[in-house]
Amino acid sequence: MTGSYSLLVADLIGVAVFAASGASAAVAKRLDLFGVAFVGFVAALGGGILRDLVIGAVPPLAFADWRYAITAVLASVAVFWLHPQLNRLRRTVLLLDAAGLGLFTVTGTLKAIAAGVPPVGACLVGMLTAIGGGLARDLLTGEIPAVLQRDIYAIVALGGAIAVTVLSWLNVADMVTLAAAAAGMTSVRLIALYRRWSAPVAVP
Amino acid sequence: MTGSYSLLVADLIGVAVFAASGASAAVAKRLDLFGVAFVGFVAALGGGILRDLVIGAVPPLAFADWRYAITAVLASVAVFWLHPQLNRLRRTVLLLDAAGLGLFTVTGTLKAIAAGVPPVGACLVGMLTAIGGGLARDLLTGEIPAVLQRDIYAIVALGGAIAVTVLSWLNVADMVTLAAAAAGMTSVRLIALYRRWSAPVAVP
Amino acid sequence: MTGSYSLLVADLIGVAVFAASGASAAVAKRLDLFGVAFVGFVAALGGGILRDLVIGAVPPLAFADWRYAITAVLASVAVFWLHPQLNRLRRTVLLLDAAGLGLFTVTGTLKAIAAGVPPVGACLVGMLTAIGGGLARDLLTGEIPAVLQRDIYAIVALGGAIAVTVLSWLNVADMVTLAAAAAGMTSVRLIALYRRWSAPVAVP
């Protein structure tokens, strides 16, 4: 009970952070209030919607539980009004985004396994849950997705999804090990940001 | 019987109009005949396909009932051949598009409610039914979706979807009240066009 | 047994070729190693994922059978390392791509018919199976989809899907006639390339 409640709270914090990242991108592109709210919604919930469609959980959680949509829209509207102050919060946003990355990967992978998706597929679904929203955000704002270009981001999600799948296969996926997996992803992501790690690009 | 028949006719008119809007955008981008038909198909039926995937109605109506696809393709091919004359029809097209907006929102919201989607989700699904095709049309032709940038369009759909959900919750959603909701959306959309209303953009 | 095994091998060759086309486009856009693998995955499996979502086969084959994802990723990584040599292979790639076009259309159309999709819808699903991956590849790399602009490609898939639907309706869809349909599509595609056929564009 308390466990699932704290999971919901953590999930909604992830939604708010991802919505804020989408809304910021939309404000920068001079979209109107509706566009900002919509891109925020898609950035926060697009990955989960894709996950739920793939595992056959319809209607997706984003439409079945109103708290997700409302959280995403409120966070987006807040960014619309407050965005000049957001630059000062940039470090906080990056920190929360790294936390959301770890959390969304863990919940996405677990849901895929629970729905009977085999291991390789479950890893892909877990990763897509974490990166799907950012991909959709960039497509809607006319950019080639950042996650494909330079950052150590998706690869952290993929590694974390593999860890969760292995934990689940070993029957040791409990709150402690899963929290450790999420914290591990968040840490690697923050170190990658701090050290400016980037993935290799092909030799021309 | 007659009611569902007139609903089908109205639905197909909406499909034809939205297909024409997609085909016009594709002609302007110098796409070939196939591209024009494809973008027209997606503009007309993309919102409904998304709706049906989200509520678990597979295969989506666009694939299950041949009249939808054929109507979309015929309207698109007509635009391909006749587009020089279309400029004179611009007002008619905007009028029909506003009618399609009202109609698609009503049918999308009702289908979501009938599929057991809770109220907030049903409003979002209804709105997505109306704007999804235009979003996909703009992405396929390399544009940032117009609906996110300036127009009073999606917000009309959202308001209408809320109205339909409330009508349904009050058990007064019959042909008369639903027609009034659709007509209300169409009117607000036309007034917004005429008065050049636009949604606010964030202060830089 | 042997029939389904050779079908799997043929399917995986198609996946590898489409992944190579996606990975090549991603290398040209200077995406990183993850981006190259991801665009390759989507180019190879995006059409099939869309098909499976539309016919309600969840989780889609790309997530349910690990051999598809692994094949796509290995082919993409190979392109990442070997792409300077690929120019010499350009003719081979175009040949294999034409073979993939025929094969994916046949399997996509058959799966749609088996899932109970009516004829017109089955033709559309078969065509989307073949062109969906290329569409997604172009959207992810910031291009207006090539298939909408000039090539005789999607129309070959549509014609082939109609042929398969007719064969199936006549109850003569066996390994021989279906192989003939796939070979026919591949041949028309190659002749169209060789003769530089292109679809008409609207008169401005």
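Heads up, the Cβ atoms here are built off N, Cα and C, so glycines get one too.
Residues of the same chain lying 6 or more positions beyond the ends of the transmembrane segment (B:6-26) and with a Cβ under 8 Å from any Cβ of it are 35-45, 47, 67-68, 71-80, 83, 86, 93, 96-97, 99-100, 103-104, 107, 133-134, 137-138, 140-141, 143. Annotation comment: TrEMBL describes B:6-26 (among others) as transmembrane segment.
Under the heading domain 'Glycine transporter', TrEMBL lists B:9-83 (among others).
Look at TrEMBL and you will find B:33-54 (among others) tagged as transmembrane segment. Using a Cβ-Cβ cut-off under 8 Å and counting only residues 6 or more beyond its ends in the same chain, the transmembrane segment (B:33-54) has close neighbours at 14-16, 18-23, 25-27, 60-63, 68-69, 71-73, 75-77, 79-80, 104, 108, 111-112, 117, 125, 128-137, 140-141.
Per TrEMBL, transmembrane segment is recorded for B:66-82 (among others). Taking Cβ pairs closer than 8 Å, the transmembrane segment (B:66-82) reaches residues 8, 11-12, 15-20, 22-24, 26-27, 33, 36-37, 39-41, 44-45, 48 in its own chain, all 6 or more past its ends.
Look at TrEMBL and you will find B:95-167 (among others) tagged as domain 'Glycine transporter'. Residue counts of the domain 'Glycine transporter' (B:95-167) by helix, strand and coil are 59 helix, 0 strand, 14 coil (DSSP-based).
Among the features that TrEMBL reports, transmembrane segment is placed at B:119-140 (among others).
Residues or ranges marked as transmembrane segment in TrEMBL: B:152-170 (among others). Here the transmembrane segment (B:152-170) has long-range neighbours at 101-102, 104-106, 108-110, 113, 119, 122-127, 130-131, 134, 146, 177-178, 181-182, 184-185, 188-189, 192, 197-199, meaning same-chain residues at least 6 beyond its ends whose C-beta is under 8 angstroms from one of its own.
In the predicted model, the domain 'Glycine transporter' (B:95-167) has a mean pLDDT of 93.
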